[in-house]
Ligand SMILES: Nc1ncnc2c1ncn2[C@@H]1O[C@H](COP(=O)(O)OP(=O)(O)OP(=O)(O)O)[C@@H](O)[C@H]1O
């Protein structure tokens, strides 16, 4: 049973119209959302009329499960928790007439790039004259839509560092018309082929609700309460989407301005400060006691935030009192770091009575943790990774999905190209020729046999077999995936000879399991690609980019900081807090980006309950200090832990023995002496 303090209770039982709960890390914001949903249901609100919105599916399902666990009977069964994107997708599917986007295919970032390349390839767009990469155009367009800036301002902010002067204006005016042409072409291709990109999902719903009284009337019957977690990370597009709900139902939003880490997607944490001006009939409440961590962990977190030029007015106090000082571990290299962590986890597990799930490892990127993962595998430490590339975006999975996609949406040219060129012997030129023929047909005319008649020989035979495997099982997604994989397995193994057996093959039983949760191809394809850090239909095995190496329930979590929002653990390792990493050297030069980096580190530090271990490499520290000759400007020498007061931490270097043997200092000449004498 959850128990709440007075401030939490006041928020939970809030009787006004809209509320923003603005509070620090570990003060129970998520817990209060759980309490609010349960309170509403217990007081007669229908669970299906409450929508919980979070940034990852993992946290959405966690909140929903906690509410359900606290309410006996079936009253909470219909409670819905989703990400913004997934919610909009559900609305588009559930109200096909209202939003007019039924049977569209949602495309991921790779497909967006393919489509933009197609747009650039069309001669009339004059792409040849431009010096901008197709990916950059996508990023600009996405930034414009998420921040709701016009194209001129977007170009200024993204390409000219926000400069306002006559010369910049002139340059912008030169680029803008051509960019506009390309974006228009991209939009046209999207509509022709019935695609929605991620931003479109929010726009389709937001536009309709903002413009159309009927839409608001319909949705006011669907929702009484919307509860939003991590409000500080909502960007102007998400505000645009939420704004009409002010008149449709009640908004209950929780957030922490110090944990805003999505400015690169257009979020602006200062937005939460204007909540009461933007949302009529709203109130703001605060929570100030941290229940998660011991005071020493909060002391270093508070110190980090106080060093910021931004005033957050946030000093966390530990309800739990004092504990152990955080440890800074200075390591020679990643092998030493990995060995130390593995040894500590095994020792605490074997002798200290800890579980593997008491450990959380946080890193900037999943890539950095590869050596650590190798050591864990070797030492048989079960772990899961959160963050990084999405499962359904892996090449071998996309090959298989391409067939499901063309059957779901015969206009999906990107999927057709992938499907056709997957067949050995069909290159891009032949594939385009076949595709033109296929697209000249009515959708209802397309079948395995027709494809075989267009594509001669063995290749056509294969295309037909794959097509039929799915078409014959359209209403049983799991069977469609299983049959298709059976047909494709050999060719997949041939296409990916290097790592088929060790890496890729094992993904297909998982794909089948995922498919089991969906009743239509469209739902499976879309839901599967929607969330970048979690959750497909509540399956415990794989959640988006969450990959499990083990069936153990008890496992260590290795996560990127961005995917660790809301997580907590007894022992938390924050990896490589070295110069040039915190802040990342990419951010140097922009004080806003440096401050976002600070918040990333703040989120990481505040995940720990009892033990916080920060690692950094001695080599990077030495290089940093030897460069400190005063010649570089201040920003280039920024390092968050540079003047960390000694008393806040303990420092340690692992005992030698963890070291990977280093090579001789000077190269020798090769010695081929074979040890006997020819005499
Ligand atoms: N009133 C309370 N009594 C006991 N424990 C509490 C109370 N409120 C919160 N906690 C505990 O404190 C921890 C942090 O709570 P929660 O995750 O809800 O905080 P949060 O504000 O969402 O944190 P963050 O923003 O850092 O993710 C959890 O372990 C939670 O169970």
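Backbone N, Cα and C atoms are what each Cβ position is placed from, and that goes for glycine too.
Please treat TrEMBL annotations as automatic predictions, because they have not gone through curation.
The ATP binding site feature in TrEMBL is assigned to 23, 24, 25, 26, 27, 28, 29, 30. DSSP assigns residue 26 (ATP binding site) to coil, not to a helix or a strand. Within the same chain, residues at least 6 positions away in sequence whose Cβ sits under 8 Å from that of residue 26 (ATP binding site) are 290, 291, 292, 293, 316, 568, 606.
The feature domain 'UvrD-like helicase ATP-binding' is assigned by TrEMBL to 2-294.
Sequence annotations record features per position, and here TrEMBL assigns domain 'UvrD-like helicase C-terminal' to 295-566.
Sequence annotations record features per position, and here TrEMBL assigns region 'Disordered' to 650-670.
Using a 10 Å radius centred on the Cβ of residue 30 (ATP binding site) and all shown protein chains, the other Cβ atoms total 20. In sequence order, 256, 287, 290, 291, 292 are the same-chain residues whose CB sits within 8 A of the CB centroid of 23, 24, 25, 26, 27, 28, 29, 30, the residues recorded for ATP being left out. Taking each Cβ in turn and tallying the other Cβ atoms within 10 Å, the top scorer among the binding-site residues 24, 28 is 24.
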